[in-house]
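Colleague: Got a structure for you, questions after.
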Amino acid sequence: AQGSLLRRSWWPWRLLLLAWLSLVGTAQPPAPARPRGTWGSWGPWSSCSSSCGDGVALRSRRCLRTSEEQPCTGDPRQYRLCQLQGCPSGSVPFRAMQCSLYNNRPVLGTSARYRWVPFHGAPNLCDLNCLAEGHNFYYSFGRVLDGTRCSPGSPDLCVGGRCLSVGCDGILGSGSRPDACGHCGSGHGSCVLVHRLFQGSDPSSGYLGYVNVTKIPAGATHIKVTDKSRNYLALMASDGRYVLNGDWAIAWPGPYEAAGTVLTYSRAPDGTESLEAPGPTHEDLHVLVLLQEPNPGIEYQFWLPRGHPQLGRGDTSPLRQPQPRGAGSPPPPEPSL
C-alpha cells in the first residue's frame, strides 16, 4: 500500500519531467543574424540654402543591400554649415522674411488679413511661428526653411524641423567638439594637462621683490593662475616686457592682450587674484609674483598638445633674478583713480 502511494505521488512529477524533456529536445538554435547593407559613397555637397550670412548644404548616400540584408545603420543625409559673406545692412532676417511671405493673405479660415512678424515663445523652435502685428495671437505656418536660426543669437540651425548644433567639423548634429587644445574630433588623447603648485621663495627679513613662478610656453590653452595672498601676480612677455603688475606698479583688474590671446585679470577684496586666458598663446609668457608676505602657494594650470617639447623639461622661467627692495620699503601702490 505504501509503494502504491509513492507511485501515485511520483506520477505527476514524471509527466512534468517528460514534457520538459520534449521541449528541450525540440528547441531549435536561434537563426543567425541577417547581415546589414553597406553605405555607398557620399554624393557632392549641394549649393548653400542662403545667398548671404549662414546657411546649410546637403549631401546624401545610398544604402547598398540585397533583399536578405537589413537596412544600413546611420543617416542617409548629412548637413554642414556654409558661411557666406555678410548680408547687406538693413536686410530682413531670414525668419522674418519667411513670416512676411504671408502678409495680407487670408488665414484661419476667415477673410481677415494680417501682417506677420516672428514669434519666439512657441514650444517648437523650428516651426514658422508668426505673431500678427497689433494682436495677441500667433499662427504656425509649418516648418521654417533649412538653415534658419533656432532662436535669436543662437548658433544652432533648423534642418528638417529639428534644431541641430554645429560641430567643430562644421557638420550639423555631428556632436564633434574641440578638445582642450582646440583640436577637433581628436578626443582627449592629444592633449595633456599641466597642473602644479608653486610654494617656494618666502621673503626673508627686509626683502621684497619679484620671484619667478613658471613659464607658460607658446601653444598653451585654458590657462589659469590663482594666488590667495597679499602678494601680486605679474606677467611678462618673452621679450622681457611686463604685461601686468610690472615695475612696482599695480594694474587694474580687467582684460589684457598678450601672446595672441586675451587674458582676464581679477583681484578680490581679500587679495585673491587670478589670471585666465583661453589661448592658444603665440609666444612664451612668464608668470612672476611680487612678494609682500610669505607665499602660501600659487596654483597654475594649462593644457599643451601631446608631444610638446616643454612637457619633457622643467617649467622654470629663465628670467632676470628677483628685484629686491630695501628694508622698510612700502608696498607697491594700488592704481589710483
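Backbone N, Cα and C atoms are what each Cβ position is placed from, and that goes for glycine too.
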Colleague: Which of these, C82, C87, C99, C126, shares a disulfide with C48 in TrEMBL?
Modeller: C82
Colleague: Sequence gap of 6 or more, C-beta under 8 Å: which same-chain residues meet both conditions with respect to C82 (disulfide bond)?
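Modeller: When sequence neighbours closer than 6 are ignored, C82 (disulfide bond) has C48, S49, S50, D54, G55, V56, A57 within Cβ distance under 8 Å.
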Colleague: By DSSP, how many residues in the domain 'ADAMTS/ADAMTS-like Spacer 1' (208-305) are helix, how many strand, and how many coil?
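Modeller: The domain 'ADAMTS/ADAMTS-like Spacer 1' (208-305) comes out at 0 helix, 58 strand, 40 coil.
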